[in-house]
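Please read the structure below before turning to the comments.
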Protein chains: 4
Amino acid sequence: MAIRIFITGGTFDKEYNMLNGELYFKDTHLQELLEKGRNTVPVEIRTLMMVDSLEMTDEDRELIAYQCEQSEEDQIVITHGTDTMSVTAQLLSERIKNKTIVLTGAMIPIKFGSSDGFFNLGSAIAFAQSLPHGVYVAMNGQYFKASNVRKNRQTGVFEALQKI
Amino acid sequence: MAIRIFITGGTFDKEYNMLNGELYFKDTHLQELLEKGRNTVPVEIRTLMMVDSLEMTDEDRELIAYQCEQSEEDQIVITHGTDTMSVTAQLLSERIKNKTIVLTGAMIPIKFGSSDGFFNLGSAIAFAQSLPHGVYVAMNGQYFKASNVRKNRQTGVFEALQKI
Amino acid sequence: MAIRIFITGGTFDKEYNMLNGELYFKDTHLQELLEKGRNTVPVEIRTLMMVDSLEMTDEDRELIAYQCEQSEEDQIVITHGTDTMSVTAQLLSERIKNKTIVLTGAMIPIKFGSSDGFFNLGSAIAFAQSLPHGVYVAMNGQYFKASNVRKNRQTGVFEALQKI
Amino acid sequence: MAIRIFITGGTFDKEYNMLNGELYFKDTHLQELLEKGRNTVPVEIRTLMMVDSLEMTDEDRELIAYQCEQSEEDQIVITHGTDTMSVTAQLLSERIKNKTIVLTGAMIPIKFGSSDGFFNLGSAIAFAQSLPHGVYVAMNGQYFKASNVRKNRQTGVFEALQKI
């Protein structure tokens, strides 16, 4: 059975617009990263939206939840902006119980040489195949349960709300 | 508890010698990759050797097995050349039963822009935290049990000996 | 005799701030680029400022002109933001007649994989050694006289005001 | 008038063969580099051969010289392996007097992150436009006359035979 990958945007997929010096979304880099990673796990990729997660609306999250519910695959990876990744994870964990859903993203755009995104994607695809049903955030080499994670805005790393 | 990382060489860590045009080993790139991945999983890194896996001897494998046995950490990642990765995995799986050991590597050196190594490392660190005790190869986004994996020399991808 | 290199900022040296998603200046990348280019031309590097060229003031340009006048070296390369590169070039060409001054920069930050900066730097250092006294802009593989160049804001490329 | 670019191979264009771990030639990277450099100089590119310069024969050099003679463009850039670059330059300088010919290459393949090739290409294109008729080697940010250059095998840098 394939892994379902939903793309929602976030720093991961941002590009540099050389005409105005701003970062923007064009296309996702998911497919080229999977080829570079020489991935052979069957995947079904769908782009749901391309938004900065600070601008993600309730309707956007409703769409993500709906797509996760409807997915035939029970292993799902979602690329997502880091700023509200834990909010979406929390919502999904309340709605979907019978699948393994892993949210991941990047602190630095893939198109920058120093991006963490390729590493995060490798870990997310691994966690989606190996963790029990539930909703998780995969960042910084770790996985966090949706109910127990936040992004530390000072350091830029994800951490558990409480040690377990 | 930390993840133990053992480095043994392989394509992963090969560099280009500009004076004679050959690939060689200098230092491992593990630490810089973990920083780039913004990894916060505690790790203990030890370089056991820096060899092409086609030149790995029985004594080299004995050393790797011994180090795995002695490791206090029960989650272990080993970077290894791909050509004989399954041989080492097989040996370790006969010797060590009470740990989760994940071998990984790269088809293209990390120093090449097109390397798969950063993706593989992300997946290996994830699998080491999430799979039950046993010995595994993590390549191509997948994990394979040590007893059921080979590298396909024609395609350069890892595959299960038999579908399970 | 060495080439004098003055750094003034611009897209060339911009970095990605992963905490707020904005581009900013930290340190120049000139030295590491010269090493990567295996440059053996003697150079004297001085950072005059680190600014976006849209924010460059008359005082900033006065400082650049003064430094060019005072420079013992008569081959000078200046890294500069592209938006007002031709303005600074024009000013310098009115003030300094006995040196070869080449302004260059980048449309995409060096830290992005797709940056043009390394190529531009190679061409600027070459033009500084081979063109007669005068002030030039070196971008897009070409050189333009200071009195006959503008950046086309629609296409992002530099072009001559009039064909010569 | 365009610059003529002749491709002959060399480290510049070498790729990594992940199936056997060896470096080999596939296609040239010239076109993608010119796009990345946002080059707007008109160019006419022709691949003459794809060889390691240690294996370049007298017939190969004869072909290069013939192509340079026949070229309508009088500004020519040749990408070439570094090991015998000065040999080819010497031959061309004896044969062709009425053109500016610049040989360049790379110590590290373009496909490696640490390659000097993009920088060298920028400098070669600049020198081809700005130097008087003659044959030159453009490496390490410098240009050398064909009659006064050698590659130092110990350090990997090009140097003048005698200071001038």
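Cβ coordinates come from backbone N, Cα and C, glycine included.
All TrEMBL annotations are machine predictions without curation.
Going by TrEMBL, these are the annotated features:
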- A:T11: active site, O-isoaspartyl threonine intermediate (ACT_SITE)
- A:S53, A:T82, A:D83: substrate binding site (BINDING)
- A:3-156: domain 'L-asparaginase N-terminal' (DOMAIN)
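Per the record's binding annotation for substrate, residues A:S53, A:T82, A:D83 show a top Cα-Cα distance of 7 Å. On its own chain, A:T11 (active site, O-isoaspartyl threonine intermediate) has A:G81, A:T82, A:G105, A:A106, A:M107, A:I108, A:P109 as residues at least 6 apart in sequence with a Cβ closer than 8 Å to its own Cβ. Proximity to chain C, taken as a Cβ less than 8 Å from one of its Cβ atoms, holds for A:T11 among the recorded positions A:T11, A:S53, A:T82. Averaged across the domain 'L-asparaginase N-terminal' (A:3-156), the predicted model reaches a pLDDT of 97. Applying an under-8 Å Cβ distance to chain B, the recorded positions A:T11, A:S53, A:D83 reduce to an empty list. Secondary structure at A:T11 (active site, O-isoaspartyl threonine intermediate), as computed by DSSP, is helix. Here the Cβ of A:T82 (substrate binding site) has 26 other Cβ atoms within 10 Å, regardless of which shown protein chain they belong to. For A:D83 (substrate binding site), the same-chain residues that are 6 or more apart in sequence and have a Cβ closer than 8 Å to its Cβ are A:D52, A:S53, A:L54, A:K151. Summary of the substrate site environment: with the site residues A:S53, A:T82, A:D83 set aside, the chain residues having Cβ atoms within 8 Å of the Cβ mean position are A:G10, A:T11, A:D52, A:L54, A:H80, A:G81, A:T84, A:M85, A:G105, A:K151.
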